[in-house]
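Database features, via TrEMBL:
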COMPBIAS  1-11  compositional bias 'Basic and acidic residues'
REGION    1-26  region 'Disordered'
TRANSMEM  38-58  transmembrane segment
TRANSMEM  70-95  transmembrane segment
TRANSMEM  107-128  transmembrane segment
TRANSMEM  134-154  transmembrane segment
TRANSMEM  161-178  transmembrane segment
TRANSMEM  184-201  transmembrane segment
TRANSMEM  222-240  transmembrane segment
TRANSMEM  260-280  transmembrane segment
TRANSMEM  287-308  transmembrane segment
TRANSMEM  314-331  transmembrane segment
Amino acid sequence: MRSKSSYENESNKGIAKQNGEDSEGKLGKVVSPNSKEFLFICFLVTLWYSSNIGVILLNKYLLSNYGFKFPIFLTMCHMSACSVLSYVSIAFFKVVPQQMIKSRSQFIKIATLSIVFCGSVVGGNISLRYLAVSFNQAVGATTPFFTAVFAYLATFKREAWITYAALVPVVTGVVIASGGEPDFHLFGFIMCLSATAARAFKSVLQGILLSSEGEKLNSMNLLLYMSPIAVIFLLPAALIMEPNVIEVTLALGRENKSMWLLLLLNSVTAYAANLTNFLVTKHTSALTLQVLGNAKGAVAVVISILLFKNPVTIIGMGGYTITVLGVAAYGETKRRFR
């Protein structure tokens, strides 16, 4: 005969087993969505890195190595792709709800932002004709410095002193990198610096012009409206300032059919960079985005050096490292001392 205690032990084991299965089922339900979300974010970040770095490298290849020396026309191609793909993604795929322009005043503000945006993109593309991607990224990393300056001049809003102190290594690093850049080109440097300043000015201006609740647009809707305005502005600019662009482009296309594929891929990648930037911003925290953004520049530098074999010096890389660390310190102090 089996004792009462043996029955109790088996009963307890059965209950424990059932509880264990229940807890495992509950745990599975909890872990699975988190794992999917993590994988989705990793996928988004990979696309973000690929599109952002890809468009920079393709721009460099077309403008410096391929013989397509038309940065204004190239920017117009980017904006044309953004116009079409923004409409498709919002109107048909419902990536975000479409926000309508509500007044003439709002349209003028968007047009102003579009022109400043054009200036920053064109300036950046022109600089890639003369500068290595590594140095271009070093100069571009100074965006927070210009943002802080323009924000103060426009709104008289002061940050904590330690936040401004963090900008010192940002500028110092670029000065050091400039001195150690083997292929330094003054005009390219001025254009890159101007593009960086214009990018910062656009973000400050956007915060001022579209500050009211009724006029705020998310980045995808803003791109939807800015892109066609940019095309209208860039087309005559390209034809006037780059008069032989159509002739040379057709000639390059006849010599090498891959020219059209490269131009199309470059333009689509430019839109993908904007789309993935919006999605990564939406699905991650500000701190994560800041860390990923700083790392993205470093990855772009390493890949560009491996692809284009441009000479680098210890001084140049040291300067870039100081700038990146300064940008990280600035972001952290700005987050802590709001």
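Each residue, glycine too, has its Cβ placed from N, Cα and C.
Unlike curated entries, TrEMBL annotations are predicted automatically.
Worth saying up front: this structure is predicted, and the values here are computed from it rather than measured.
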As a test: from 38-58, 107-128, 161-178, 184-201, 314-331, pick the stretch that has the greatest number of Cβ pairs under 8 Å with the transmembrane segment (287-308).
38-58
Can you name the far-off residues of the same chain, 6+ from the ends of the transmembrane segment (161-178), with a Cβ under 8 Å from a Cβ of it?
135, 138-139, 141-142, 144-145, 148, 184, 189, 315-327, 329-330, 332-334, 337
So if I exclude everything within five residues of the ends of the transmembrane segment (134-154), which remaining residues of that chain have a CB under 8 angstroms from its CBs? That is, six or more out.
56, 124, 127-128, 163-164, 167, 170-171, 173-174, 177-178, 181, 183-184, 189, 192-193, 195-197, 199-201, 203-205, 208, 297, 300-301, 304-305, 310, 312, 316, 319-320, 323-324, 327, 330-331
Feature contact check the transmembrane segment (260-280) with the transmembrane segment (38-58), CB under 8 Å, 3 or more pairs:
yes
Using a Cβ distance cut-off of under 8 Å, indicate which of 70-95, 222-240, 260-280, 314-331 has the most pairs with the transmembrane segment (107-128).
222-240
Positions on the same chain near the transmembrane segment (222-240), where near means CB under 8 A and six or more residues out:
70, 72-73, 75-76, 79-80, 82-83, 86-87, 90, 98, 101, 107, 110-111, 113-115, 117-118, 122, 206, 210, 246, 274
